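Peer 1: Okay, handing you the structure first.
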There are 2 protein chains.
Amino acid sequence: MTKIHPTILVVNDDGITAPGIKCLMEAMQELGRVVVVAPDSPQSGMGHAITVGKPLRFDKVDIYEGIEMYSCSGTPVDCVKLAVNKVFKGRKPDLCVSGINHGLNNSINVLYSGTMSAAVEGAIESIPSIGFSLDDYTLQADFSHSIKYVKEIAAQVLKNGLPAGTLLNVNFPATPHIKGIKISRQANAKWAEEFDERMDPHKRPYYWLTGVFQLNDGGEDTDVWALENGYVSVVPVQFDMTAHHAIPLLHSWTFNV
Amino acid sequence: MTKIHPTILVVNDDGITAPGIKCLMEAMQELGRVVVVAPDSPQSGMGHAITVGKPLRFDKVDIYEGIEMYSCSGTPVDCVKLAVNKVFKGRKPDLCVSGINHGLNNSINVLYSGTMSAAVEGAIESIPSIGFSLDDYTLQADFSHSIKYVKEIAAQVLKNGLPAGTLLNVNFPATPHIKGIKISRQANAKWAEEFDERMDPHKRPYYWLTGVFQLNDGGEDTDVWALENGYVSVVPVQFDMTAHHAIPLLHSWTFNV
């Protein structure tokens with residue numbers, strides 16, 4: 001059953017001043033007490049990185065009136081670890097929401113995304129966790145059509161919980177004409193990289209990572225299909241990366257050692 | 001069937017001058033043509049991070065005689081992307097090996113590890129991939145007892161391939177008395193964080209991330225059990241993070257939106 005006034009941790013990877021996190025914290029204020037812990041600079045593409053080789057800064061900040069907020073010099077996953085350890089001090093929040101990301105985190109992007117990795121870290125901490133992302137990379141992204149879904153999905157997770165070891169990856173199409181929610185699986189896809197080579201003023205080359213999304217999956221049960229057809233995709237995600245189905249095959253191998 | 005003279009990409013996260021990658025490249029030279037693409041500085045804990053907000057340096061270097069080597073300013077995953085795109089130019093290597101990592105990457109560490117994420121990226125590129133790690137964080141780590149296992153496991157993967165979408169996570173105990181190989185699953189565990197708070201000369205606090213490994217899994221089929229009992233653990237890993245078992249549950253939810 002939903003607690004009367006749950007505590008909700010809000011994180012992201014676009015940084016504490018991104019419009020997406022403002023929308024998310026405002027939506028969550030209607031559901032409970034909001035605490036924001038977010039990176040002090042954009043951390044897109046940081047995946048599940050943590051900061052081990054250098055120390056972290058972690059400061060209480062006063063950006064939006066009436067909201068308890070902390071900024072962190074580290075990664076999105078660092079933010080969740082600091083929230084659990086320094087803010088909540090062992091009294092876990094009832095929900096961890098990450099985003100709303102400026103840009104999709106469907107399919108293989110779940111691995112590269114700091115937004116999703118923060119939600120994964122929430123789940124590792126046994127906090128019911130959800131990552132939200134919108135198909136619009138720009139700072140001008142219009143999150144308004146996604147808000148009612150954000151609130152409803154968060155409310156359902158607060159009410160029902162999630163199975164141990166799982167979290168939700170929720171992606172929104174950019175269209176204002178959303179058809180509904182599709183429970184989906186991660187589409188099989190990859191990025192075909194192209195490195196844009198340039199020359200610096202000292203005649204040394206440098207490279208920008210760019211790429212083209214390559215879908216290798218014709219299924220109509222994927223997050224890619226849902227989004228292309230105007231639905232919100234909701235994928236249950238797990239952090240047990242064991243390929244359990246491959247264990248019998250490996251048992252059949254003979255190691256000559 | 002094993003190619004007569006396969007091409008083997010060697011990557012890591014401890015950096016191109018780490019002793020672990022030298023051991024790995026030497027072992028792989030007995031199996032085929034070795035190409036090394038590794039970070040120019042330590043990248044431990046970088047997970048599946050990629051470099052999107054700044055450009056990359058990527059240079060051919062001459063560190064060990066007779067080995068084609070490239071150093072990259074980015075993350076372990078960047079290294080694999082650059083290798084595929086700039087070195088192999090679409091003609092994929094026959095094997096991608098990552099490590100040997102100074103320190104274990106078993107259990108939940110698979111998510112935080114740059115070593116394992118490089119191997120995951122190899123698998124995303126449809127290259128048979130293996131990550132190797134040793135239970136010794138020091139630069140003086142003794143990899144000698146693991147070498148015959150590294151060669152045999154790599155040879156088996158070259159011979160048999162791996163199922164689509166999977167790779168291997170191989171961890172070695174520090175003991176010289178290795179009992180054999182155990183095919184295992186990722187143990188359920190987490191890090192209980194503790195942030196070591198210090199004061200800088202300007203009286204501003206900063207924090208070092210530290211933690212204690214917390215095992216929540218009594219299974220004798222896990223990588224933690226195998227390592228504690230003197231075995232090499234071999235876990236098949238997949239990058240489909242969908243919690244397929246949770247899909248029916250989510251279908252049973254009613255979204256009021």
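Here the Cβ of each residue, glycine as well, is placed from N, Cα and C on the backbone.
Keep in mind the model is a prediction, meaning the values are calculated, not measured.
Below are the features I grabbed from TrEMBL:
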type    : residues                            : note
BINDING : A:Asp13, A:Asp14, A:Ser44, A:Asn101 : divalent metal cation binding site
DOMAIN  : A:8-192                             : domain 'Survival protein SurE-like phosphatase/nucleotidase'
Peer 1: Around A:Asp14 (divalent metal cation binding site), how many other CB atoms lie within 10 A of its CB?
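Peer 2: Step by step: centre on the Cβ of A:Asp14 (divalent metal cation binding site), count other Cβ atoms within 10 Å, giving 26.
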Peer 1: Go through A:Ser44, A:Asn101, the listed binding-site residues, and name the one with the sparsest Cβ surroundings, counting other Cβ atoms within 10 Å.
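Peer 2: A:Ser44, out of the binding-site residues A:Ser44, A:Asn101, has the fewest neighbouring Cβ atoms within 10 Å.
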Peer 1: If proximity means a C-beta under 8 angstroms from chain B, which of A:Asp13, A:Asp14, A:Ser44, A:Asn101 count? These are the binding-site residues.
Peer 2: A:Ser44
Peer 1: My understanding is the cutoff is Cβ-Cβ under 8 Å with a sequence separation of 6 or more in the same chain; which residues meet that for A:Asp13 (divalent metal cation binding site)?
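Peer 2: In sequence order, the residues whose Cβ lies under 8 Å from that of A:Asp13 (divalent metal cation binding site) (at least 6 apart) are A:Pro39, A:Pro42, A:Gln43, A:Ser44, A:Met46, A:Thr75, A:Pro76, A:Ser98, A:Asn101, A:Ser113, A:Gly114, A:Thr115, A:Ser117, A:Ala118.
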